[in-house]
2 protein chains.
Amino acid sequence: MALAQVNPTVGDLAGNADLVLAWTRRARQAGAHLVAFPEMMLTGYPIEDLALRTSFIEASRRTLESLAGRLADEGLGDLPVVVGHLDRRTLTVARLGQPVGAPLNAVAWLHGGEVLVSSAKHHLPNYGVFDEFRYFVQGDRLPVVRVGGVDVATVICEDLWQDGGPVDATARAGAGLLLVVNGSPYERSKDDQRLELCRRRAREAGCALAYVNMVGGQDELVFDGDSLIVDAAGDLVARAPQFVDHLLVADLELPSAGPVPDGEQHLDVADGTTITVERRIASTGHVPVFDRSPAEIALPLPDAAEVYGALVTGVRDYVRKNGFASVVLGLSGGVDSALVATIAADAVGPEAVHTVLMPSRYSSDHSITDAEELVKRQGLHSRTIPIRDLVLAYEKEVELTGLAAENLQARIRGNLLMGLSNEHGHLVLTTGNKSELAVGYSTLYGDSAGGFAPIKDLTKTLVWELCRWRNTQEAPGPFLAALGREPIPSAIITKAPSAELSPGQKDTDSLPEYDVLDALLDDYVERDLGRDALIAAGHDPALVERVIRLVDGAEYKRRQYPPGPKITGKNFGRDRRLPITSRWRESL
Amino acid sequence: MALAQVNPTVGDLAGNADLVLAWTRRARQAGAHLVAFPEMMLTGYPIEDLALRTSFIEASRRTLESLAGRLADEGLGDLPVVVGHLDRRTLTVARLGQPVGAPLNAVAWLHGGEVLVSSAKHHLPNYGVFDEFRYFVQGDRLPVVRVGGVDVATVICEDLWQDGGPVDATARAGAGLLLVVNGSPYERSKDDQRLELCRRRAREAGCALAYVNMVGGQDELVFDGDSLIVDAAGDLVARAPQFVDHLLVADLELPSAGPVPDGEQHLDVADGTTITVERRIASTGHVPVFDRSPAEIALPLPDAAEVYGALVTGVRDYVRKNGFASVVLGLSGGVDSALVATIAADAVGPEAVHTVLMPSRYSSDHSITDAEELVKRQGLHSRTIPIRDLVLAYEKEVELTGLAAENLQARIRGNLLMGLSNEHGHLVLTTGNKSELAVGYSTLYGDSAGGFAPIKDLTKTLVWELCRWRNTQEAPGPFLAALGREPIPSAIITKAPSAELSPGQKDTDSLPEYDVLDALLDDYVERDLGRDALIAAGHDPALVERVIRLVDGAEYKRRQYPPGPKITGKNFGRDRRLPITSRWRESL
């Protein structure tokens, strides 16, 4: 069988259908007897409120039908294709609280020019970045399709993660293979959980399990692929590399199905619902035994490479899928903008990266020379626009002091970048990191201006770590451009961080050392510990009070921040939603 | 009985508990035998991800317990107080997909210094602005408390709107009064629906129904109150005025309850669940019959007054609850900023409104004189900062043409306003309207900069209408300051709209007439009609193509826009969530 780990684009029904066609051809050439695509393949994922537009649901349904026909027209009608799509419940009464049109997050089997069967996701995730109770109604069916004499059951993503539901029915339905289609976003270390989960579910279902996931970036989400197959004992049989389009092909020895049971099966699945088994036959003849070549088992990437791969993928797809060809960013000589420039060079090529040096009266000499050295090493475009005279022009019109004066400098720079973006069509990359964003150490409409924020989910500690890691990589790869040795000058990595918005300013004037801050932020933001629990965990009580106050006070700034690739549990995007107006203070 | 239509603040547990105490005293003085407060009274509403913080849940529980004690300490222990709060399910197993800590949107009866009973919302809304499957687990109980010999049942907000659930159990539980606590946000014309719904549910339950709702602004939501009571026949008995704190007191003739049934009642409520009736006794003695004075029945506000009241309430509470004392905004001489200034003057008083005139080389003379006239009529603060020299300073450093040059002017103005905000602590009000926001006729980080956007949910057509309406109002009222006759110079209302960012520019150079545009936007944005349906509804096909393209292309700008009071079904806030990266075009 073949798992097509591909990269759909949200809303691009025609383009996504073309992808299915192209990769089905490849699967046929590879000799596969079944090919599976990710969750919501035809629409892309997540589609958010597009799910509530009747015209979009209908267009998706038409695309599915016509895709089935096109596959048959190309002589691929006998190869079953499993594909995620957007459907709707046909017999339904409009009901308050149920999404308009009763949309379904569905998976279809295409065969013989037709939709053989389609079923909908049963467990709808509604936590973290997921809002599926808003968008979908629940499915209650488990399709079991006979292919080459083997009974194959299909479920969708969350159905695998939760107990009960269609996975619970798989063993009783006598399936020989459980096929799971996924749109499962990357999160640091999640790949380990996935494999363990697949092993466990395979053993519970008593059959092999094939897991196909999408790749690519979609706004804040990055899908890492990591498609895999385990056998009935839970042993890993095949695994695809992360963050790249890939056809994972494996010859599986699967049990032949017995006679098709009479009548419908209605199974109680221990979550208060009943699942109906829907049986279909694609082909009964056994696939002739042939030389089973050992399938590929890609090794998961080491942590730094994996995070870096996610960032490059996120940037590349955000730029490309939004129709941009180039990016622009401000280069300060500091480590954050250096890393963003490097990620951008890896994502879209150094020739499409435009940097702007905007020194002020407070910029140190080394900031400029370090930035220039980085530009030279990586082969980026660069121009210098001093902001001194612009600051003077504002000072003539209005008196701004202290923080207001610091913010003004950042906002002039934001204006210049946005102006160049409007004039030349570059996407502005924002260079703030997660530590800054957490405590509000940034200027609204200043350094926070832009279209995408590649490192908004990296703590400062991780920014340094990735810079050092990137400097050790030489060979170009799927997410590394040929930037040569040490693309980031080491002076940039080792200097003390400074915003350079006032004379002799250092980050440590207003913030604790980043290793101390980042550990505390991790406990407060990611783990949601309250004040007492933070102190019990060993953080300095005075620092806890101060940091909580800073984090809670910066909610509005974070809301106005551009999106960026999600790496952790909470990237200050859809995954953490707090009121702007709130008097709740942990510290009270 | 008394319904306390009050204004809690999210997260302010202590302040909200104080409100309960103060209004319970008032209810006692008014002779009430029962007083009810809104949904989530103690925490404010909506609390979003605060519901997932263990420390917040525990603090809310402690506040409820201590409130019960404080009421008794003040001699109010014998007066039953019904109050919304945040609870958690105590016996629960952590489960994937269920919110951390199993939080409950609960309502408690406080009596005799104790929590007599607490039950949780059964129907959790998860559409529009609501995300309650993310935050709460479902309740399955209907408390029926005997007060003065009458059995009173309590349910929460959405429980009233949906069929089945605890309301369905009310008649069988033999309640003499159904008390509904609400956090039901304002939406244009929703008050009509509410009354009809209350009438219907009262008849279904066969008993009187009392509906208490909160007032006040909370980020994008505005609660309008509109608390009311209907009798068992569905006839209106009492109704509170909208948008003001109010104690609605009514003497109701209610049926005496019979003997308390033995054992627990478990009722099938036709939504696949079972509701358990929990009976408690507060007091059995009948309330002596006394002179029933006719209760007050406030008339709902006419449409323009109601919308205006919502805007003033939204602005006032956003400013106050976020700790600001004053606002600043740019005054262009156009109708949008004129209306925002007027709303601000009504919300926080003209003495707290700071306006800035920022003329450029393209500003017409009448823009400046009209703005100055408005400032004079309303008694606002005002200063003038010409931007001509600032534009020249940028032009020396970087070449920006066309739209980039237009945007630059808007961004310089944004900088100045943000600078004044940082320097003087004013909240920046953003002046864009919904028509502009829909089609992207605004500058990212320019005119869209700010902290709150009072008219982001008003079409241009409605902006004009409200200006004309406000000019007809003379007497000060709960949301009208004493601004005198015609606070908005009529020249501002009648002139042709222009952004004045290039020579002789008019909005109609790039956009259709606003009455045509607004009708189309209403069908596309509010009603979610697709391309074919829009054309079938009579809109010009070429305009449909063009406007859809504009609206779909402006999603990123809208995401970066400040929040503003929600008036319609979709204010481009939490109520409409679309991917930034999407290739879906209705027009394809």
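Backbone N, Cα and C define each Cβ position, glycine as well.
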ATP binding, same site as B:G330, B:L331, B:S332, B:G333, B:G334, B:V335, B:D336, B:S337 - TrEMBL member from B:T431, B:T443, B:T459: B:T431
L-glutamine site partner of B:Y127, B:K190 (as recorded in TrEMBL), chosen from B:S119, B:S184: B:S184
Recorded positions, contacting chain A; criterion Cβ under 8 Å; candidates B:E39, B:S184, B:G330, B:S332, B:E436: none
B:G330 (ATP binding site) in three-state DSSP notation: strand
Long-range Cβ environment of B:S184 (L-glutamine binding site), under 8 Å and at least 6 residues apart: B:C157, B:K190, B:R194, B:N213, B:F223
Candidates B:K121, B:G334, B:D336, B:T431, B:E436 (recorded positions) - the one closest to B:E39 (active site, proton acceptor) by CA: B:K121
Pairwise Cα distance for B:S332 (ATP binding site)/B:K557 (deamido-NAD(+) binding site) [Å, integer]: 21
Minimum Cα separation from B:K121 (active site, for glutaminase activity), reported as the residue among binding-site residues B:Y127, B:G330, B:D336, B:N407, B:T431 that achieves it: B:Y127
Closest of B:Y127, B:N407, B:E436, B:K557 to B:D336 (ATP binding site), Cα positions, binding-site residues only: B:E436
Farthest-apart CA atoms of B:N407, B:E436, B:K557, residues recorded for deamido-NAD(+), distance in Å: 15
Cβ-Cβ neighbours of B:Y127 (L-glutamine binding site) (radius 10 Å): 17
For B:Y127 (L-glutamine binding site), the one of B:G330, B:G334, B:N407, B:E436 that lies nearest, given that the binding-site residues are compared by Cα: B:E436
Residue pair B:E436 (deamido-NAD(+) binding site), B:G334 (ATP binding site) - Cα distance, angstrom, rounded: 14
Cβ-centroid neighbours of ATP site B:G330, B:L331, B:S332, B:G333, B:G334, B:V335, B:D336, B:S337, B:T431, 8 Å, sequence order: B:A338, B:V340, B:A341, B:A371
